Amino acid sequence: MSAEESTPKPGEFDLIRHLADAAGRYDNDVPRPAAVGIGDDAAVLDVDPGCQLVVTTDTLVAGVHFEADAAPGDIGYKALAVNLSDLAAMGATPAWHFLNLTGPPPDREWLGAFAAGMGELAGSEGTQLAGGDTTGGPMSVTVTALGQVPRGQALLRSTAQPGDRIVVSGMPGLAARALRWPERSPALEDAATTEAFRRLHRPRPRLALGRCLRGVAHACIDISDGLAADLGHILDASGLGAELWLDRLPDSPVFSGMTLESRWNLQLGGGDDYELCFTVPDAAGDLSALEEAAGVALTVIGRIRKGAGLDCIDADGAAFSPRTAGWDHFRSDPA
Ligand SMILES: Nc1ncnc2c1ncn2[C@@H]1O[C@H](COP(=O)(O)OP(=O)(O)OP(=O)(O)O)[C@@H](O)[C@H]1O
Ligand SMILES: Cc1ncc(C[n+]2csc(CCOP(=O)(O)O)c2C)c(N)n1
Ligand SMILES: [Mg+2]
Ligand SMILES: [Mg+2]
Ligand SMILES: [Mg+2]
């Protein structure tokens, strides 16, 4: 029997080597290789002159953010994607990421698929796995992502202006719709349903859009908890209010058969979209060049105004209060 067969589960240091080797197969052409990467007590990174470092961290926990039996490739992909989405919201270009992996000892097959899922996105976005930590315990994955932005150009939540148009990318509510699909996998092969499951399991962060919004958007956030909750963070941080026009929310065949109220609840409070919501002045003009450059549909859904709070208004001008504004880990019964 070979050593590999007799020890199917790697030890801690085998696992680190395995992750480093797998990452190297995807990210060996990254634009900014770490001066010192995996293997020492810490990484050493050179930041480009004239740039600021943008740093974010998010955790995914089994049973909370993904099913315990989820495909390992999807877990690896999404753990990085949700972090790159925060870099996109700041207008940053990803450069390095760190992986803190906690769980029962994985077998080589699980680990290989996990590393390939994360590596696929890392390779396509040019970010390098530069370090991390490995421990045993209940399964959770934390990624810390580091990106760069030209000095002073980071997009913020706090700088919306009265009169700005509110814009959302893509199709809010797709991932939430997929999460609530009774069979947990698409019953139909149609494009809209397939896209909804892709958005839930492998959300592509809107990095090109974030970069295009530098110097254009007044404020920006990525949608993780829900459109209403995350737009609410822009309003709170900017000390302003807004009107959101429900009839402008983009529609998809995946919502067919739902009442308008259920659809709005899903699109406003469902979470897991990883789309961008941003504000732009009228002076920025038509958004079609931006759509073209960023490769994603953009929809104007409302307007920033003085005051406080978010008013969601239907086609007849009647107010609608979503059942919940979005996901809250410490409150029960999220949308
Ligand atoms: N435990 C914590 N300690 C210190 N700062 C925190 C902690 N949790 C969140 N923050 C900070 O609070 C701010 C908002 O974090 P939050 O996690 O709500 O944003 P997000 O990552 O965009 O959303 P989501 O986690 O839903 O993707 C960020 O500046 C974040 O660094
Ligand atoms: C199995 C399973 N149950 C529920 C959800 C939905 N969900 C969990 S956390 C969260 C908000 C973002 O998290 P955070 O605020 O921690 O970044 C959402 C929308 C899911 N994806 N999988
Ligand atoms: Mg967070
Ligand atoms: Mg965010
Ligand atoms: Mg986040």
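We number each residue from 1, going along the chain as drawn.
Positions of Cβ are set from backbone N, Cα and C atoms, glycine also.
Caution: TrEMBL annotation is automatic and unverified by curators.
Per TrEMBL, the substrate site holds His65, Trp327; the candidate it also names there, chosen from Asp14, Asp133, Asp272, Asp282, is Asp272. Secondary structure at Asp272 (substrate binding site), as computed by DSSP, is coil. The average per-residue pLDDT of the prediction over the domain 'PurM-like N-terminal' (39-149) is 97, rounded to a whole number. Secondary structure from DSSP puts Asp133 (Mg(2+) 1 binding site) in a beta strand. Once the Cα atoms of Gly132, Asp133, Arg157, Ser224, the listed binders of ATP, are compared pairwise, the greatest separation found is 31 Å.
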